[in-house]
Every structure is written in structure tokens, then in C-alpha cells.
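Noted in TrEMBL for the protein shown:
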- 38-283: domain 'ABC transporter' (DOMAIN)
- 428-445: transmembrane segment (TRANSMEM)
- 457-479: transmembrane segment (TRANSMEM)
- 499-524: transmembrane segment (TRANSMEM)
- 536-560: transmembrane segment (TRANSMEM)
- 572-591: transmembrane segment (TRANSMEM)
- 598-619: transmembrane segment (TRANSMEM)
- 655-677: transmembrane segment (TRANSMEM)
Amino acid sequence: MELQQFDSNDNKKNVLKIVKNVNRVDFTFRNINHSVQVKVTKQTKKGKKKQVMRPKQILHNMSGHVKSGEVLAIMGPSGAGKTTLLDILAHRLKINGEGVMYLNQSISDYHIFKKLCGYVTQSDTLTPSMTVFETLSFYAQLKMPREMPLEDKLQKVEDVISEMGLNRCRNTLVGDNLKIRGVSGGERRRLSIAVELLTSPSILFLDEPTSGLDSSTAYTVMNAIRKLANSGRTIICTIHQPRYNIFDMFDKLLLLAEGNTIYFGDTQKSAEYFESLGYKCLPNVNPADYYMDLINTQIEDDIEQDGQSPILKPNQVEGGNGIDEELLLSSGTSTTITTQNHDESNHTKHTKVKRISNEELNRFKKVFIESEPGRLLKEQVDLIEKSEHTPFVYQETRGPSFWTQFRLLFYRESLNARRHPMALRVQVFQAIFQGILCGLVYLQLGLGQNTVQSRTGVLAFVIMGLSFPNVMSTINVFPEVVGIFLKDRASNVYNTLPFFLAKSFMDIMLGIVLPIVTGTLVYWMSNQRIYPFYSAAVFFKFILVLVVASQCALSLGIFISSSVPNVQTGLAIAPLVVILFFLFSGFFVNLKELGRGWVWMPYISFFRYIIEAAVVNAYTNVTFSCTQSQMLGGRCPIQTGEEVISNYGFNIDNYWRNIGIILLYIVAFRCLTYMVLRIKSRNRF
């Protein structure tokens, strides 16, 4: 395994090792309130509508207590605040309000908490081109203490592979089900969990761990999570609407609606609680489906009344002794409740409900506080709050050095490039095809008067042909890289700078080959310089222009891609930026003829400096010929290349100056990208 070479060999004999046994930690949160800024339309005094920002509270006094070895399920309809609450509890989102969290009896400290917890995102953001073992080895060397010997880290990898049942696919590529075939969806999800288990977290947060999985795979994943809890871990996860055998694995249930607690307590006692409110879940109905359908007030109410209920509104029930097949819910099971509806024979009817009213939902919110589960929760939380808050003792460790981070990240980049041979072949083919096509169109240009336009045209064509694809392809690919980076940074796996440098160095290495291939073909096929004395120097200066142009376009693409919210926006903005810059390059518009309002544009267009450097290199010390009929006043209209340079508004002495300016553009675009990544990856808590 090549990754092993990156761990230092000078480990001390007496080192701090990560404990193999999980530290048991009870987790308590009290009165979590959170607000966000939303746009609302306000009518001014003049009758005009105006959008203003107003705070909207999305979490209201959320409290809970989870013991080590327990699994807490956070359930609720879409928009109930599940993921927001999970992110706040995991210290990944700053509370915009109030609230406090406890580890055992200690107030949670951010840095200690990050050492004790793991977080598994809803999407499996992993490098597709690495195998399962390579992925875990990579993260083991980044997440585990610097002082820990390499053999211990690799042993931990083996332990985690066995614990998560990944032995069968240990040497299989992770894949992405699109470009690269790899492990199954369930194995990929278990691998995401395994990455977090490398540091033996006491608390594990999971966002929708069964999302996107079939029922069998979802059960396998949840069974693995249940085993993790049995080993002493505290597990907290959001889940939308699990089937019964998965729902039965949870020890505690937190049911949310509109950011309020509808129920918190033992999962097995939830049915009894709702029955006490007049809503009984029948034995053949999945409680998870029942609760979700009951509190989801967004479902259209299309049930007609046929009976009376002391609790339900008339339009919420349909009387009858059977089940109306037309009202089956999308879950495949009907939502049935029992209410005390007494007729003349004092017979109890079964009534069927699709949802409760908003008024009834508000009653649920208030009732829980005074209910037995609510009082029990308050007693548990108050006991923690009033206890002596002793500091949580945790041994500080050092993470990997900057150099180790860089080498590991650069290795991952190189591995990714090597395992995408088809992509490299396509790029090389594109470079060869473009070079040959351009060379054939401008084949063996002479030094006549009519060749001036063609000689400049071939320069502009090859520069644009290399730049535009670089910008667009980067915008398509870079977001996936950023996604992995942001996920890793949220877990403090590595720092932004080593990631950025590793990515930049790999881009430079890969970005040099293609312009050299294209430039070599174009230069000799189009006969850019026929004087042997100058050929070598002019050729290498021509290639240098193409290389820096390609790198500048690549850097621009990375900056745009990192700055926009999605790929579609980047693909819309990038062509406009490239076209605008190229328009003021001096090729389409003579710089001497620009209007006053546009004279500043060439100074910010990096294409202007690229085109000028290419033109200066191509026309310096060139003498043109002409026929008798082409002469004007007894001389050729264009006698020297210096005249061409002057006609474009360029300066013959600006070649090396422009190369330096283009390099500054590359550095500037890269630095801006680095700043954007720093801002995006900034710890939010």
C-alpha cells in the first residue's frame, strides 16, 4: 500500500495511542433555539412592495438526553428542522439563539467535542478512484494522532473494516455509479461510517443514513449502526420514514413538527403516548408511517366527515368499520386511528385520518410539556444542569504535519489522475486533433502581404482553443473536488492550504502537456518562423505563451467554480467572462481605436497580455515580401513584423513583461480561490 510511506518513521516509542475501547459519553442538550434570516414582502406607505430580511425561528426550546449505548432517531416531516438540529448538536452550525449542550455532566467544549464525535453526511462524499482500504488508510493517517505508529493506524483500519463488514470489498474501488464502477450503495454508506470510526468516536451523528437505499440495504446499514451503539457509542441520527424493523432498532424517538417537540422518549412507549391523546396506532400499522402522516399538516385534506369525534375536526375523519382503499397513503399502508365515537349501541368505531389540523398540532406541542414523557425529560435535563460541571478530561493530541498532509493529498490527486486514463487519453486526443486541424487550416504560411491576417489568426485560434475548454471542463469537475474538501474540512481532517497546494501542483503538471502537444503541431505545420537562427528560441517562447495561457484559463475556471453556488451558474457565467476578456484582447478591436468608456478594459483582460506576447514573439525580426501589384508608393504596405506589432497597438518590448503579468493573474486567481475555500470551509460554530 503506497500510502504507508507518508507516515514519518521517527515515531517515539512512548506515544499516546487512541483508545481501542470507546469512552462512554452521555449527551444532553437543553433549550436549543435557532433562528434564520428570511426574505419577506413588506408593503411601504406608498403602496409599493419591498423585500426585507426578517428573523424566523425554526427551532423552539429543543431538549433531549441520550445515554451511551442508545440510538436516538430524530423524525419529522420535510422542513421540520431535523438536519438543522443535527448540525447544531454536532457543532457544525452556530446557534443563532440560545441553548447549551453537555457531555456527561460537563458543558460541551467545541474542541473537545470535535475530538469525541463523528459525523456522517447524507451523501457519501468519497474519492471514487480509491479503493476501500486506500480510503481508510488515507483518512487514518490524517485523522489519527501524529505520535501514533503507522502499524497501529493500519491495525485500526483492519479493525474498522471487520467491524463494518467491508472485508469482501476492501480492494474494490469506491466508485460513483456514474463514471467509475465500484462498491454498492450500502457498502459505500458503511464506508462513510467506517471513516468516522477510525478515531473511535464516543458520539456518532448520522444524517439520513438510509436515504437512497433499498429496504434490504437500509436494514443492513441500520443493523451495523445498532451494533455500534451496543459497543457503547451514543448514536444520534435523522431519519425520514423508516420501515418497522428499522424503527424498532431505535431506543429513543424525537418527533419534530415545525421546529417543536411533539414527542421525546422511549420509542416503545411512543404508541402509548399518542393513544393517551386519542390517537391509537393499530398493530398492523408501522408507527413511523402513522406518526409522520399524523403530524404532516402539508398533506392536502381530502377526507370527508362521517362521524363525530371529541378531538378531530369534522373534515378530518371518515367513519366506517373498514379501511377505505382509495385513501391509502404513499407508504403503502393506511393510517388508521381509534377514537371513542359512541353510537346508540355504544360501539367503538375505527376512523381513518390522513392528517391533523394545525390547531391540533399546536395542541400537541403544548401537551407534551405537561405529559409524563415531557416531565421525565425535564427532570433528566434539570438534573444535569444543576449538577457540578466538572471539566471533561481528554488527552490532547497533535494531528499530521503540514508536509504529511500535503504529501497525502498530492498522492490522492496523482492516484485520481492515474486511475482516469480514459480522461487523459481524451484530452491528449483533443490536443492532437486541435493541433492538426489548426495546422492544416494554416498550413505552411509564407511571408506575403496576405498572410498577416492568417498568422495572427492562428495565434488567436490556438490560444482560445486551449483556454475555453480548460475553463469549462474545470467548472464541470471542480465542484466534486470541493464537495469532498468541504466535508473533510468540517471534520478537521486537513487544512485548506495543503489541499490547495496539492491540487494546484497537480493542475500545473497535467496542464503543461496539452499546450506543448498542440503548440508543437501548430508551430511547425503553420510555419510560424522560417529563419533557422531564431526558430528554437521563438518556438520555446511560443510554447511558453500557450502554457501560461492554459494555466491562466484553468485558474480562472477554478475561481469561478469555487465562487458560484452550483455548476449551472458557473457554466452560464464562464463563457461571458471569457468572451468579454477575449473581446478586449486586441485581436478583434484595435486598442488604439477604443472609445473612452472602454480604454480600461484591455488592462484587466489577461487575454490582452497573452495575445500581445504571442504577436510580439511571432513578428519580431520578420520581413514581409510583396508583389509588384501590391506595392504602394514604391514599397510594400507591410515590410516588417514590427509594423504589424505597432498596428495592433502592442509594444515590441513587452513579451517578458506580459509573461510576468500573466503569471500574476494565475497567482491572483489561485489566491482568490484559496480565499473562497477558506471562507466556505470556515468553522461555523
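Placement of Cβ uses the backbone N, Cα and C atoms for every residue, glycine included.
Automatic prediction, not curation, is the source of TrEMBL annotations.
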(message) Checking distant contacts: for the transmembrane segment (655-677), what same-chain residues at least six beyond its ends satisfy Cβ-Cβ under 8 A?
(response) 482, 485, 496-497, 499-500, 504, 541, 544-545, 548-549, 551-552, 555-556, 558-559, 562-563, 606, 609-610, 612-613, 616-617, 620
(request) Report the listed stretch (428-445, 457-479, 499-524, 572-591, 598-619) having the maximum count of Cβ pairs within less than 8 Å of the transmembrane segment (536-560). (result) 457-479
(request) Determine whether the transmembrane segment (428-445) and the transmembrane segment (499-524) share at least three Cβ pairs under 8 Å, counting only pairs 6 or more apart in sequence. (result) yes
(request) Quick one: average pLDDT across the domain 'ABC transporter' (38-283), no decimals. (result) 90
